[in-house]
Amino acid sequence: MAGRFADSAQVGTCFAGRWVLSTTLSPVTDADGRRVLVLNGPNLGRLGSREPDVYGATKFADLVSECEKTGAELGLEVEVRQTDDEAELVGWLHEAADTKTPVVLNPAAFTHYSYALRDACAQRTAPLIEIHITNPATREEFRHTSVVAAVATGTIAGFGLDSYRLALRALTTLS
Ligand SMILES: O=C1C[C@@](O)(C(=O)O)C[C@@H](O)[C@@H]1O
């Protein structure tokens, strides 16, 4: 068996069936508090070609550049990721929880039904802002429910790509 865990006081490594503890190593955390993960759920990688009348003409690659640019202006080190895979997104949220990294999350359609995502968000150890490009409350009824909202620090929706910029700005006052 091999494995590794960390909390604020100890780091342990399981080697040949024995856990070796160390209290002298630094905890696995976001050391300078400036790193931010911007996580995007299914279909958002298709921004630009996906229903441009709803989501606009900006491509996902341009959204990535815009987030990095805004982050640089705010003194944040921003990493933008996108996946269509629920398990991958849950894994990224675990990584954020384990490293105390703030998150801007557009869960896309997972917003409305993924309890796995909700439970991963509930483990957060730093601010997590749920965001949406559109305002789901003004759209189809199935979009009116967010299973994530109750475990997020806050929600920003309906400002187009500015939702991302506003969330990054909000994080500078929260973290
Ligand atoms: O994929 C998305 C995008 C969205 O999260 C938004 O950013 O407006 C809204 C969701 O309802 C939808 O499933």
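A Cβ is built for glycine as well, from the same backbone N, Cα and C atoms used for every other residue.
Copied over from TrEMBL, here are the features:
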- Y55: active site, proton acceptor (ACT_SITE)
- H132: active site, proton donor (ACT_SITE)
- N106, H112, D119, I133, T134, R143: substrate binding site (BINDING)
- R50: site 'Transition state stabilizer' (SITE)
Per DSSP, to which secondary structure element type does the residue listed as 'active site, proton donor' belong, with helix, strand and coil as the options?
-> strand
Within 10 Å of Y55 (active site, proton acceptor) (Cα-Cα), which of the binding-site residues N106, H112, D119, I133, T134, R143?
-> I133, T134
Fewest other Cβ within 10 angstroms of its own Cβ, chosen from the binding-site residues N106, T134 = T134
Pairwise CA distance, R50 (site 'Transition state stabilizer') versus I133 (substrate binding site), rounded so that it is a whole Å = 13
For the recorded positions R50, H132, R143, the one whose C-beta sees the most other C-beta atoms within 10 angstroms | H132
Integer Å value for the Cα distance linking R143 (substrate binding site) with H132 (active site, proton donor) is 11
Close in space but at least six residues away in sequence, with Cβ under 8 Å from that of H112 (substrate binding site), the same-chain residues are P136, F142, R143, T145, S146, V147
Quick one: of the recorded positions R50, Y55, N106, H132, T134, flag those whose CB is under 6 Å from ligand 1, and say none if nothing qualifies.
-> N106, H132, T134
Largest pairwise Cα distance, Å, within the listed substrate binders N106, H112, D119, I133, T134, R143?
-> 24
Inter-residue Cα distance where the pair is H132 (active site, proton donor) and N106 (substrate binding site), in Å | 6
Measure the Cβ-based neighbour count of D119 (substrate binding site), defined as the other Cβ atoms within 10 Å of its Cβ.
-> 13
Expressed in Å to no decimal places, the gap between the Cα atoms of the residue listed as 'active site, proton donor' and D119 (substrate binding site) is 19
